Amino acid sequence: MATAFWLLLFLLGSLHVLTAAQNSSQSEWPIHDNGLSKVVQWDHYSFYINGQRIFLFSGEFHYWRIPVPALWRDILEKIKAIGFTGFAFYSSWAYHAPNNQTVDFSTGARDITPIYDLAKELGMYIIVRPGPYVNAEASAGGFPLWLTTGAYGSTRNDDPRYTAAWEPYFAEVSEITSKYQVTDGHYTLCYQIENEYGQQWIGDPRDRNPNQTAIAYMELLQASARENGITVPLTGNDPNMNTKSWGSDWSDAGGNLDTVGLDSYPSCWSCDVSVCTGTNGEYVPYKVLDYYDYFQEVQPTMPFFMPEFQGGSYNPWDGPEGGCTEDTGADFANLFYRWNIGQRVSAMSLYMMFGGTNWGGIAAPVTASSYDYSAPISEDRSIGSKYYETKLLALFTRCAKDLTMTDRLGNGTQYTDNEAVIASELRNPDTNAAFYVTTHLDTTVGTDESFKLHVNTSKGALTIPRHGGTIRLNGHHSKIIVTDFNFGSETLLYSTAEVLTYAVFDRKPTLVLWVPTGESGEFAIKGAKSGSVAKCSGCSNIKFHRDSGSLTVAFTQGEGISVLQLDNGVRVVLLDRQKAYTFWAPALTDNPLVPEGESVLVSGPYLVRTARLARSTLTLRGDSKGETLEIFAPRKIKKVTWNGKAVEATRTSYGSLKAILAKPPSVELPTLNGWKYSDSLPERFPTYDDSGAAWVEIDANHMTTPNPNKPATLPVLYADEYGFHNGVRLWRGYFNSSASGVYLNIQGGAAFGWSAWLNGHFLGSHLGSASIQQANGTLDFPANTLNTEGTPNVLLVVHDDTGHDQTTGVLNPRGILEARLLSEASDNNDDDSPGFTHWRVAGTAGGESDLDPVRGVYNEDGLYAERVGWHLPGFDDSKWATVNGTSLSFTGATVRFFRTVIPPLSIPENTDVSISFVFSTPNVNNTSAGNTSAFRAQLFVNGYQYGRYNPYVGNQVVYPVPPGILDYNGENTIGVAVWAQTEAGARLNLDWRVNYVLGSSLDAGRLDLSFVAIAYVYIFECLQL
């Protein structure tokens, strides 16, 4: 009676829902193109490529955050292996334009053509996002820092000065991309103009009052893209649901793009969730947002497209070591990505898929060195539960062709017999295949709920499961229940177990289903009459029920893999979650959509990167820890190779091939010892000669600035106006008077710091705070620190910056806003109060001239050690003092540079080895009088600055450094610059560790590192004092 009652209730509710859906939909949605080609088209449902609908599942990576081109293959193969059909990347204007006369897309890791070539080889569509502004938690949002002086206007508008600045870069990246478009047989799918530029309207977008300046800017960008060969759709991304910009469905105002999408970070883009309340409201873990109504209102004739959906969160300076992985982990991936499918999203790109590292000075002040982003692929390139959980959905969306065209017929609790569980019904109007996306009614609770689901099928209305048991949602999870799911020539009438994937071998399909470990499932396959258990590993309670025209199978699956064989030739593989995590479907083709007969199924390894089939030989590449390999593939296969070596494979009774992979060897790292050191702050002494090429004279002629943020005192002491744009800068101010002190107000961004010395005597510091961007202080001049009359006094101010601000803050200056000598006259506002006679400033050696084009101008800053090349391989430190022991410690407020050279590492062949450096502060004295953690350290590895360690301000202690920066076959030069901000000095240790060792086709010890050859050359002749 209960079942009949619920079924009747469901049928009555469905009648209303279906009628409402039909009344609000169109029988024919327009198919759009951009008028240049019909290769890429789109409509209300999805994108088309060459007439075939696609579900675009993509993930973002930034090549400039992993400046080792040989490792781009590693990241992109992992993105492909997860089941994605595409990837996205920002191009960084800053990375390619060290000055306003240079656009470099050819040197080292600045050559982006390997990315396009890899996309073609691996079979993935690309969303190219060239800016000019990209945000990305990059310094100045990816703008080159020479743009931040104010001389180019306020930016992101149609100011001719700004236009002249971006046009050479934008033309170059467009021209390069134009050779790799899907319209010409390559895989660039679309080209995003600007980023999160929701400025089309003045005021409320519903008033549709056009912002003509923003419209003119967008039209200039579009014209440039087209003039330089871009023929694929031009796209945009709204930053949130409030801006409603650039879509022709919303308005026919100027500047509209071909297609637009919506960015969303429902759990906050930062580990500091307070920064998101203005967009998302109060943070509640696992609270989902409604997108369906937004898309229906704003872009009903376009695909529901999310160019950025939350793949993790960046970690601010005061965030936890390792980031906030628990906030956006495997459960987040399970729930939120399925929720989006229930919202009818058919194109989604995760930001980030791989974050990488903010090496050098590329970060904005909001984050430290790590850009791990809690992404599915970690900063150290490892994969874990979040990656595997995402794969469970991605492989499904790749094989579920009917998901590319669905109407949402309803959503609510009427679909279930448990009022705590809701479902959204998506149905393909052409095939009648349906997808029921089930979640908790309140997604924030995560309770253990069991339920039955009311569905409509080609066999009529059913309540499933039909033969006992229930469907279960245990925790912050979602399940997609399919009906009339087509696989090969067969039809899955329904399944309460989720579909992972399927493949067709020898004209017979193999269907792969999974459930959480220990849960039950039930599925029905049309046309089958009987079945048998070919393998039972963890299975129980398997029962076959013959129904009218179909066979229903009920089962429970514990940890393991079970295989069923049906009489119609269908093979069904049953997996629990853990086995599903390491079950792969590598493509045999470079077609991103992977036709059903163009893949094999592989179980066991940590990662399966690629598969190729030639005659009777199956060639697999991947990473392993010594697992058992099981392959479901065509019967013609007689030989299997793994990473180029034949493996002894035996055939099972149910048709698979099994082999045991070798365990990788262990790797031990040598001790980091043999340290030497030298003082790196000679500039604090009045006898230092600052007349060299490294120093720029600042005199009374520099009394104005184009920056709208004016200084309080003159001359202008904004570092960017003198060509020094990142990291540490040194200012030497000269005066002749008998001042009693100095007032300084300095701006360097969140977490920055400064210190000051008078004639070699330490005066004081701003130690820094994650929340303070600008800091002032009054410093008294102690007795006997001033020189006698006739000898000038020298005030040295050392400050760093943590990057330039983003969005509207890109013009916020970096440098000294106010420098005022104090005396009795100044206290009385006397015109004869003392002043500085002149200043000199030093920063990155060569300024904008890019002396080291491989590492680039963002790698070094202005410390003496960097200006003269102590951090580079090849420097002769034989006359330096030797550190006793392994602690890099000293007393006194100064900068000391430590350096050691480590003999070649013993990295075995055919492995991938990941290594991190780990800082610690032993026996730290945190009293105000003797704080030995009040220092700022920079880690250099073979000349690359690969970590900023500020223990007084931030919490990051682990710094992954990839192969290619670390030389796995030669010596490694390790340097640490330590700036002690108190007289107590600094105490720190540096160690390193192996994150993992895998048997791997990557062969990390033998990468092609030809791109770094110039970077390892000793370049003293270019460096400056």
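Yeah, the Cβs are placed from backbone N, Cα and C, and that goes for glycine too.
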Disulphide bridge to CYS324 as given by Swiss-Prot, partner from CYS271, CYS276 | CYS271
Record-annotated N-linked glycosylation site (source Swiss-Prot) among candidates ASN23, ASN931 = ASN23
Reported as an integer number of Å, what is the Cα distance between TYR90 (substrate binding site) and GLU308 (active site, nucleophile)?
-> 12
About how far apart, in whole Å, are the alpha carbons (Cα) of ASN456 (N-linked glycosylation site) and GLU308 (active site, nucleophile)?
-> 33
Long-range Cβ list for ALA136 (substrate binding site), cut-off under 8 Å, min separation 6+ in sequence, same chain only, gives HIS62, TYR90, SER92, GLY142, ASN195
Pairwise CA distance, ASN211 (N-linked glycosylation site) versus ASN135 (substrate binding site), rounded so that it is a whole Å = 21
Name the secondary structure element type, per DSSP in three states, that contains CYS271 (disulfide bond).
-> coil
Could you check what DSSP calls TYR90 (substrate binding site) once collapsed to helix, strand or coil?
-> strand
When you tally the Cβ atoms that lie within 10 Å of each candidate's Cβ, which of the glycosylation sites (ASN100, ASN411, ASN736, ASN776, ASN884) has the highest tally?
-> ASN411
What is the separation, in Å, between the Cα atoms of TYR373 (substrate binding site) and CYS324 (disulfide bond)?
-> 8
Specify the nearest of the recorded positions ASN135, GLU137, GLU196 to ASN100 (N-linked glycosylation site), where nearness means the distance between Cα atoms.
-> ASN135
Find the shortest Cα-Cα separation between ASN135 (substrate binding site) and the recorded positions GLU196, CYS271, ASN736, ASN776, ASN884, and name the residue that gives it.
-> GLU196
